[in-house]
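This report concerns only the one structure given below.
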Amino acid sequence: MSKQTFTTTFAGKPLVVEVGQVAKRANGATVVRYGESTVLTAAVMSKKMSTGDFFPLQVNYEEKMYAAGKFPGGWMKREGRPSTDATLTARLIDRPIRPMFAEGFRNEVQVINTVLSYDEDASAPMAAMLGSSLALSISDIPFNGPIAGVQVAYVEGEFIINPDKAQQEASLLELTVAGTKDAINMVESGAKELPEAIMLEALLVGHKAIQELIAFQEEIVAAVGKEKAEVELLQVAADLQAEIIETYNADLQQAIQVEEKKAREAATEAVKERVIAAYEERYAADEEHDRIMRDVAEILEQMEHAEVRRLITEDKVRPDGRRVDEIRPLAAEIDFLPRVHGSGLFTRGQTQALSVLTLAPMGDTQIIDGLEPEYKKRFLHHYNFPQYSVGETGRYGAAGRREIGHGALGERALAQVLPSLEAFPYAIRLVAEVLESNGSSSQASICAGTLALMAAGVPIKAPVAGIAMGLISDGTNYTVLTDIQGLEDHFGDMDFKVAGTRQGITALQMDIKIEGITPQILEEALAQAKKARFEILDLIEATIAEPRPELAPTAPKIDTIKIDVDKIKVVIGKGGETIDKIIAETGVKIDIDEEGNVSIYSSDQDAINRAKEIIASLVREAKVGEVYHAKVVRIEKFGAFVNLFDKTDALVHISEIAWSRTTNVSDVLEIGEEVDVKVIKVDDKGRIDASMKALVPRPPKPEKSEAKKEGKHD
């Protein structure tokens, strides 16, 4: 196929899609040019079905530093593992695409997005999402798209689609929404305490823009799309399914209705083991043994799935016996740990998170050097999910995509209420340790984070709480669930996380397993989440009503002084010599910004005071009219040089030593002598003139007759 180009304008920027020129061996490939951002997307499918019990979809978002005209850092000088932003963008694209493949599809699919040029005013992630949908849609991969995504900002009461950098910085909302022509299927958002009505309107505005992008894609697919390949779907033998359901469904239903999680899991597992043992014995010698046992496991999964959903939609009974809008039992505690700067323990049912806060000087902020201009990140929220939290063994190591994503969600939720840098000049790190998990652990980490912040004395604007909402839908009827647990998340259709204060929403995240949800469901879920959020905030505020007025004794204290910008080099010294000496002498940490704000950190207030004195003396300037007790350091024929303070000297001209005539300076002054002087002039080069005689009254002039007599006598 020769190169074909499709052009439109979207959100005020040119949008160009090119097909047929590059990556022609992939099943589908596109080059998307949006503004001056360029993204190459290639989609590839394996020829055989995998044997796993899940759909092996991999989406990558690769940031090439050359795209922004930057040289990679580090001694290797080449791109390494994906940045946090790249990982989050890959997840952002994966989530709306994954529901668009058929149930039972098991062929491995890889979608690789490579950023070739980067324009910070034209969203490369949204270009990559469009490219991913298009590469799959025009390929022979059986993808039930297209989908599209947009970013939405809210500036001065107006919604803006795919805002530029300046608009993003002014916005009260940072929303990414994706979906199909008919419905929304993915949401990721941070917001500055916006009400539910505005959030819902933003989602609908975003979906309208999505429909425009999908219409554009449909034109391209009609022109260059390939016929979809026939692939084998994972299906079970109908007669085997009927037999197992008839024999064991009643036992499985009874096990699923056990309310306590561990007991329910044990009862359910016992039924499954009995079924598997029976069929292992029957088909041990059968040449189709592996396929049959795979079918047995899949049938049991389907039976459990169907029963959980039936209980909720028909009987309005949840696995643990709660009402559809009921939260599990709550508990909150602060100061769980000694020595640390702040800690909070939050428990909701069988989900528990411990959040630990650390404060540090601004010099410890994280430096982000990606495609955007380098910047410093003051607030970090890290989320850890050890396998023991679900009673299992498993991999331990660096944080995976899920942990990075959950940490970022908590970070967005809590960042909206942090004090300004001017009011609280600290770097802040929160670490959420999930100690026990039965669903909604990311939201428990947000609640625990609020407790830790307030216990540490961080003056947040308001406490934040989070709740996870679920959905069970059969296409006609639906049930929205409050505070979903693991089983409801696994077998449900939606995981909709909502975090916020009493004032409004600070973060949203939605993933669904069906092709989309309606505005009515969104509105109902937001209203139900608000009620639950307020209930959790009641508990948090009962535990700690407001941030403590003082920091923990172990936290670094801080004092800030302002110096003239041209004095920064004086404090730092040649090669950092002066500031290093101050740090070594006092034991403090010192940060100086480009505006001359000097922040001094230490757990010892006396050390801070000593460092302040040293810095103040370094940047001190002599001012006209001020009087100093100075020391003579050099004598010349024309006057004496005196040291006013530190390394600041002034000249006392011979004419300024006394009111009477001075013939020799050395007759009046000697080196090391201490004298009082008054500054009378500072020139534009910083040279200082001082006077001794200005500090004594001028003697009266002699009368003329006396002067004549004295003259004749002389």
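Note: Cβ is positioned from N, Cα and C throughout, glycine not excepted.
Quick look at what Swiss-Prot annotates:
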- D489, D495: Mg(2+) binding site (BINDING)
- 700-714: compositional bias 'Basic and acidic residues' (COMPBIAS)
- 556-615: domain 'KH' (DOMAIN)
- 625-693: domain 'S1 motif' (DOMAIN)
- 691-714: region 'Disordered' (REGION)
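Computed over the domain 'S1 motif' (625-693), the whole-number mean pLDDT of the model equals 93. Non-local contacts of D489 (Mg(2+) binding site) by the CB criterion (under 8 A, 6+ apart in sequence, same chain) comprise G439, S440, A468, G470, D495. The number of other CB atoms found within 10 A of the CB of D495 (Mg(2+) binding site), across every protein chain shown, is 21. Taken through DSSP, the domain 'KH' (556-615) splits into 32 helix, 16 strand, 12 coil.
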